[in-house]
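Colleague: Mind looking over this structure? Questions follow.
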Amino acid sequence: MSGGGCSIVWFRRDLRVEDNPALAAGVRAGAVIAVFIWAPEEEGHYYPGRVSRWWLKQSLAHLDSSLKSLGTSLVTKRSTDSISSLLEIVKSTGATQLFFNHLYDPISLVRDHRAKEVLTAQGISVRSFNADLLYEPWEVNDEEGRPFTTFSAFWEKCLSMPYDPEAPLLPPKRIIPGDASRCSSDSLVFEDESEKGSNALLARAWSPGWSNADKALTTFVNGPLLEYSQNRRKADSATTSFLSPHLHFGEVSVRKVFHFVRIKQVLWANEGNKAGEESVNLFLKSIGLREYSRYMSFNHPYSHERPLLGHLRYFPWVVDEGYFKAWRQGRTGYPLVDAGMRELWATGWLHDRIRVVVSSFFVKVLQLPWRWGMKYFWDTLLDADLESDALGWQYISGTLPDGREFDRIDNPQFVGYKCDPHGEYVRRWLPELSRLPTEWIHHPWNAPESVLEAAGIELGSNYPLPIVEIDSAKVRLEQALSQMWQHEAASRAAVENGMEEGHGDSADSPIAFPQAMHMEMDHEPVRNNNPVIVTVRRYEDQMVPSMTSSLFRVDDEETSVNIRNSVVDTRAEVPNDVNVTEGPRRDTLDQAVTQPARTNTTPPQFNFVVGRRNSEDSTAESSSSTRERDGGVVPVWSPSSTNYSDQYVGDDNGIGTSSSYLQRHPQSHQLMNWQRLSQTG
């Protein structure tokens, strides 16, 4: 059939034919050309890791097979600029429409906004849709129309919205193919020879692809979900949903997960099954944390780089690559931490509870820069997800108003007996400790010499002594926090006295990623001092804040002040002709927290994409109070005017814990004064 008038459906992290609004719109419009563009360089430091790339390769092959069974196929392109590739595809196919689904990480927000600008200027009709969330971020606000600043309030509002999330869409029965004869596919290479051996092992444990995701959902809902509440903290058995990689790549929609689980909720409620109801509520909370990660990323697009509570900018992180190496290699001397890190390296997976353990140890005991930990998790996790990772590391670092107190250190010895009471998890991943009796398995340094000798363990030789004593770590953390508060107070006083920036701010002195991480180190773009002002068109679909100071280094650093005083009606700019600087970015959030996307346990987990190259300059207009979106009214994006002093009430193993630590310093619970991001109209 002729390519004229056909539609492009641009697949990204929505690799499914079921409940895919962009695909459904393309099918309704007529002939479809399905496109996937592989442009990992656009992600800056967050070039996808080995296991993540393996999953993507399998998932794309699965999607292509499904599309072929429906009448078309997937056009793949290798690019360093997605928008240029889209323009080339439009030119070669004669397409007149582009459909895609929303993403919420900072890179995608900028890229998608620019795509709408550029293609609309070429006369292409561009529409985008919600396929990743129950509710769009701009749909969930408090009574005064402002974004929520605590998870509990946010999730309570989601569960009490006057309208339910839309029901999941069925797959199309047939797709009319557009003429892609002049638009050949590029061969995409996701792994090199050195990675193939390790990747082969992944296929024995995981089955990527949207139909496999559907099976995984059904298996979980009809099995482990019933005892999820009782078993979710057990690290030595398969007690979680294992859905997070499927959710990250969009192989299953969160709406479908939500609807399936709610059906069980109604069924168990009618049966009076209290255990089942409790399990459903906890599992839905993990879905809520995934929602909240996107919500925070949209409303605070710098949360992957900066603490949301301003005083954490002054924390004196320990820059010690020796500690970092010991943590990565599982050689800290704390069995539960070491077992988790070895499992991560071997499998690309960690139980939610273990993520909390190893990340909390990283931030609280070793006091390493959280961005190092987050970056390592990004490179090694199958379900690496930028928005979820940002929320998780902010939570574990105590930089959320409802996060874990920074002065609370969890002793891996005591936690071990809670989530691995029989030592089976430790023995599986630390064979050198396999003969140690259970009473000593989580603290071998206390075991009698005769017990160690009988188990074949020589501490300091075939298993390390603890690299940091917990008691000394507590003292050191107290000293660091005292230093942080002193610097924060001095800076506040300097600002109040009219001095420039106040005392030194750790956010202004980037801590480079260690080269020993064996990661791709991209150069960081900096803001162009002379951006060209471009008139911005108005769009109907998605609210898109313009990125500036987070993705691009800026000369002026905002001080920590109440956001009520920070709403400056200025125009935000996206740089063009970005200059390149050699310095790697500073420390990143620690991924320790459980990933909401994983839908496994209460704490959140995270993963994300950061850093753009070659962003074209565009200045977003300040929009009027509301605008139309697919027949509905969408409120204008604006920063929250609420500070972070609200007390958070909840359970003790995730977001929702009251923070006495923050209550002791009420003057500092205020959200960072991010530069206001105007929104396209």
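Cβ atoms are placed via backbone N, Cα and C, with glycine included.
Reproduced below are the annotations present in TrEMBL:
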type: BINDING; residues: Tyr228, Thr240, Ser241, Phe242, Leu243, Ser244, Phe283, Asp383, Ala384, Asp385; note: FAD binding site
type: COMPBIAS; residues: 591-605; note: compositional bias 'Polar residues'
type: DOMAIN; residues: 5-134; note: domain 'Photolyase/cryptochrome alpha/beta'
type: REGION; residues: 576-667; note: region 'Disordered'
type: SITE; residues: Trp317; note: site 'Electron transfer via tryptophanyl radical'
type: SITE; residues: Trp370; note: site 'Electron transfer via tryptophanyl radical'
type: SITE; residues: Trp393; note: site 'Electron transfer via tryptophanyl radical'
Colleague: Looking at the recorded sites Trp317, Trp370, Trp393, whose Cα is closest in space to that of Phe283 (FAD binding site)?
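Modeller: Closest candidate to Phe283 (FAD binding site), judged by Cα separation, is Trp393.
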Colleague: Within 10 angstroms of the C-beta of Trp393 (site 'Electron transfer via tryptophanyl radical'), what count of other C-beta atoms is obtained when all protein chains are considered?
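Modeller: Around Trp393 (site 'Electron transfer via tryptophanyl radical'), other Cβ atoms within 10 Å: 34.
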Colleague: Max Cα-Cα distance in Å among Tyr228, Thr240, Ser241, Phe242, Leu243, Ser244, Phe283, Asp383, Ala384, Asp385, the residues listed as binding FAD?
Modeller: 23
Colleague: Among all protein chains shown, how many Cβ atoms are found within 10 Å of the Cβ of Phe283 (FAD binding site), not counting that one?
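Modeller: A 10 Å sphere around the Cβ of Phe283 (FAD binding site) contains 28 other Cβ atoms.
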Colleague: Helix, strand, coil residue numbers for the domain 'Photolyase/cryptochrome alpha/beta' (5-134) per DSSP?
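Modeller: Helix (H, G, I), strand (E, B), coil: 65 helix, 27 strand, 38 coil.
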Colleague: Among the binding-site residues listed here (Ser241, Leu243, Ala384), which has the Cα closest to the Cα of Trp317 (site 'Electron transfer via tryptophanyl radical')?
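Modeller: It is Ala384, whose Cα lies nearest.
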Colleague: Looking only at Tyr228, Trp317, Trp370, the recorded positions on record, which one has the least crowded Cβ, with the fewest other Cβ atoms within 10 Å?
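Modeller: Candidates: the recorded positions Tyr228, Trp317, Trp370. Fewest Cβ atoms within 10 Å: Trp317.
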Colleague: Please determine which of the binding-site residues listed here (Leu243, Ala384) has the lowest count of neighbouring CB atoms within 10 Å.
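Modeller: Ranked by other Cβ atoms within 10 Å, the binding-site residues Leu243, Ala384 bottom out at Leu243.
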Colleague: Could you check which of the recorded positions (Ser241, Trp370, Ala384) sits closest to Trp393 (site 'Electron transfer via tryptophanyl radical'), going Cα to Cα?
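Modeller: In terms of Cα distance, Trp393 (site 'Electron transfer via tryptophanyl radical') lies closest to Trp370.
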Colleague: Name the one residue among Tyr228, Ser241, Leu243, Ala384 whose Cα is closest in three-dimensional space to that of Trp370 (site 'Electron transfer via tryptophanyl radical'); these are the binding-site residues.
Modeller: Ala384
